[in-house]
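Q: Pasting the feature list from Swiss-Prot:
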MOD_RES   2  N-acetylserine
TOPO_DOM  2-102  topological domain 'Mitochondrial matrix'
TOPO_DOM  121-146  topological domain 'Mitochondrial intermembrane'
TOPO_DOM  168-174  topological domain 'Mitochondrial matrix'
TOPO_DOM  196-228  topological domain 'Mitochondrial intermembrane'
TOPO_DOM  250-266  topological domain 'Mitochondrial matrix'
TOPO_DOM  288-322  topological domain 'Mitochondrial intermembrane'
TRANSMEM  103-120  transmembrane segment
TRANSMEM  147-167  transmembrane segment
TRANSMEM  175-195  transmembrane segment
TRANSMEM  229-249  transmembrane segment
TRANSMEM  267-287  transmembrane segment
C-alpha cells in the first residue's frame, strides 16, 4: 500500500512476519543496508520525529505507508531499541558490511607475520568491542573497568589464537594457513561478546509480556540471548573467511597476481564484501530479534513473581541484541 497511511499500523514491530526465517531475513536486509550509514543527522531526526509522532497518534498530512516504513527503518538503523539513544556510527548494523569487509580482507591478506597478526587482530577486536557494546540488550550501562576487561581479554584471546595456530600451520599447506584468521575471530567472539555483555549476565536483561509490559530482569534470558548472538556472529563471519581463501589460493598462482601482487588485498576485500552482503542479514535472521522463553525456564524468584501477578503468562519476551 502506498496511499495515505492508516492510523493502526504497529511500527513497534518489523514490517515482515518475524516468526519465519524469510520474514526475519527481509527485515535484516533492510536494517543492515550499508546505505543507511549515509543518512544525515537531519534525516535521522526527521525519521525519529515521524516514528514518535505516529506512536502517539499524530499522522503528518500526506504521509504514505511506504514513507512511514522508510522512516521506521531509518530510525531502527540508528537508534538503540531499548534505550532510544543514537548509536555510534561504526557500531550500527548498517556499518557491518563496509567495516568488516575491510578489516576481514586485510586480516586474511596480512596473516603471515607476527606484527601483521597483532595489528589486524587488535583492529578487529577494537571494532568488535564497539559493535558488541552498541548492540547490547537492555539499558544497563557497563563500567569503564568492565569495558576495559572485555576489550583486553578478547584482544588477547584473538591474538593468542592466531599466533598459536600460525605456529602450528607452518608445516602444513598454505591453504590451511589461510583459515587461521577465522579461527581467531571465532575464539574472540566467544570471549568478547559475553564479556562485553557481562552486566547482563550479572543483573539480567528486561523481559516483557507479548505486549511489551516489563515483568522484571532475567539472567537466564541473558544467557540465551548471548549464546544466540555468539552463534550468529561466528556463522556471519564464516562465508567471508572460508570461501575467499580457496579463490585466493588459486588466483595467487596465476600470472596476473604474480605480476601485480598489490592487487591481492583489494581482491580479497571485494570477495569478503560480496559474502558479507548476504551473510550479515541472513545470520542475523537465524534467531528472532524479539526472542522468547518459557516462564518455567526463568529464575525461581522471577517465576514466582510472574505467576503471582500475571498467572496467565506462559512465555516472556526480550531483545536478544545483535
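Placed from the backbone N, Cα and C atoms, the Cβ positions cover glycine too.
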Q: Summarise the topological domain 'Mitochondrial matrix' (2-102) by DSSP state, stating how many residues are helix, strand and coil.
A: 58 helix, 4 strand, 39 coil
Q: Can you tell me which parts of the same chain pack against the transmembrane segment (175-195), counting only residues 6+ beyond its ends and a CB-CB cutoff under 8 A?
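A: Here the qualifying positions are 104, 107-108, 111-112, 120-121, 124-125, 128-129, 132, 146, 149-151, 153-155, 157-159, 161-162, 165-166, 169, 201, 226, 229-230, 233-234, 237-238, 241-242, 245-246, 248-249.
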Q: Quickly jot the same-chain residues contacting the transmembrane segment (103-120) by Cβ under 8 Å, restricted to those at least six beyond its ends, or write none.
A: 127, 159, 162-163, 166, 177-178, 180-181, 185, 237, 240-241, 244-245, 248, 264-265, 268-273, 276
Q: Would you mind listing the long-range same-chain contacts of the transmembrane segment (229-249), meaning Cβ under 8 Å and 6+ residues beyond its ends?
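A: Those are 100-101, 104-105, 108, 174-175, 178-179, 181-182, 185-186, 189-190, 193-194, 264, 267-268, 271-273, 275-276, 278-280, 283-284, 286-287, 320-322, in sequence order.
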Q: If you run through the topological domain 'Mitochondrial intermembrane' (196-228) with DSSP, how many residues end up as helix, strand and coil?
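A: Per-class counts: 17 helix, 9 strand, 7 coil.
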Q: Same-chain Cβ contacts of the topological domain 'Mitochondrial intermembrane' (196-228) under 8 Å, 6 or more residues past its ends?
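A: Residues 12, 82, 129, 132-133, 136-142, 146-147, 149-151, 154, 286-287, 291, 293, 297-299, 302, 305-306, 310, 313, 315-321.
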Q: What parts of the chain pack near the topological domain 'Mitochondrial matrix' (250-266), using Cβ distances under 8 Å and only residues at least 6 beyond its ends?
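A: Those are 105-106, 109-110, in sequence order.
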Q: Please list, for the topological domain 'Mitochondrial intermembrane' (288-322), how many residues fall into helix, strand and coil according to DSSP.
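A: Secondary-structure breakdown of the topological domain 'Mitochondrial intermembrane' (288-322): 13 helix, 10 strand, 12 coil.
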Q: Give me the mean pLDDT over the topological domain 'Mitochondrial matrix' (2-102), rounded to a whole number.
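A: The predicted confidence over the topological domain 'Mitochondrial matrix' (2-102), as a mean pLDDT, is 85.
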